[in-house]
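Undergrad: Pulled from TrEMBL, these are the listed features:
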ACT_SITE  Thr169  active site, nucleophile
BINDING   Arg197, Val198, Gly199, Asp200, Thr220, Gly221, His222, Gly223  substrate binding site
Amino acid sequence: LGRMKPVIVVHGGAGRIFKEREEGCRAGVVRAALQGYGVLKQRGSAVDAVEEAVRSMEDDPHFNAGCGSVLNEKGEVEMDAIIMDGKNLDSGAVSAVKCIANPIKLARLVMEKTKHMLLTDHGAQLFAQAMGIPEIPGEKLITERSRERWKKNLEPDSNPEEFQKDLGTVGAVAIDSEGNVACATSTGGLSNKLIGRVGDTACIGSGGYADNHSGATSTTGHGESIMKVVLARLILYHMEQGMSPEVAADTALDYMKTRVGGLGGVIVVNKAGEWAARFSTKQMSWATVKDDKLHYGIYAGEKHIKSVDEALASEREGF
């Protein structure tokens, strides 16, 4: 029983990571990967592991998800999240939710407690209340930085597109010791987006997809481009055709770039436990744990490797 070696891969968003935020982003993805791996080591499921990893990043203001989410045109936080179980293709998602700390938890409840896959806005809020999820004031999710950026983007000569480069959606994929895969993705969306805008994150096959027959993937980047090519499912399709996770990811990202001019990043694990973290943007913060080794990076070609014990020790010392 349980012959698979568990693997977790996380991302903290593709785009441009400003120098002064690099350390925080690195620390955040490392912490999330270690927490998710902790779940897997205790024989927890892949679904539990990806939910835990994403929750950790939602609570970290360095990322555009949960606390730290960017603001829409009206200066409010509206968040999207999805989770998927590769065992039976069950999935749950929420879109345009406000005033809750962890949209990924709500997405999980949609998957497990309803017959539906996606709840939006007011309906998602009513469901959250029914499930006893505490509402928090919207201001609690807003960081100084998000508000600053929102104001800048309102200036008549501003170019919000410039700021979209620093996207910070968060996600995780995992395979557990039973060989089940799962994915989870969560985001605050695009800065100064129209009210009610839903991006790729809440959409199955775009923001993420998980199927035990092939693997799991979570995406980040320009949502509308990702939706046009159904990026997550496209990567799994390439793996079903025999490509490795890395080649499948690169092929799909390349197609998105040439076909619709979109940039992004992906994390992938296949059913054999091979993984990849690939991106066409300047940067993407990512971390992986496999065989008790932690790998992480932000720049193309950058890869640090530490033993999990060493990483956990420096976690406790406060990184």
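Keep in mind that glycine also has a Cβ here, set from the backbone N, Cα and C atoms.
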Undergrad: So which one is it: of the binding-site residues Arg197, His222, which has the fewest other Cβ atoms within 10 Å?
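TA: So among Arg197, His222, the binding-site residues given, the one with the fewest Cβ atoms within 10 Å is Arg197.
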Undergrad: For Thr169 (active site, nucleophile) and Gly221 (substrate binding site), determine the Cα separation and express it in whole Å.
TA: 8
Undergrad: Compare all C-alpha positions of Arg197, Val198, Gly199, Asp200, Thr220, Gly221, His222, Gly223, the record's substrate binders, and send over the largest distance in angstrom.
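TA: For the residues that bind substrate, the greatest Cα distance is 16 Å.
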Undergrad: Just to confirm: which same-chain residues, 6+ apart in sequence, have a Cβ under 8 Å from the Cβ of Gly223 (substrate binding site)?
TA: Gly189, Leu190, Gly199, Asp200, Thr201, Ser206, Gly207
Undergrad: Other than its own, how many Cβ atoms are within 10 Å of the Cβ belonging to Gly221 (substrate binding site)?
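TA: For Gly221 (substrate binding site), the 10 Å Cβ neighbour count is 28.
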Undergrad: Neighbour count, 10 Å Cβ-Cβ cut-off, for the residue listed as 'active site, nucleophile': what number do you get?
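TA: Other Cβ atoms found within 10 Å: 32.
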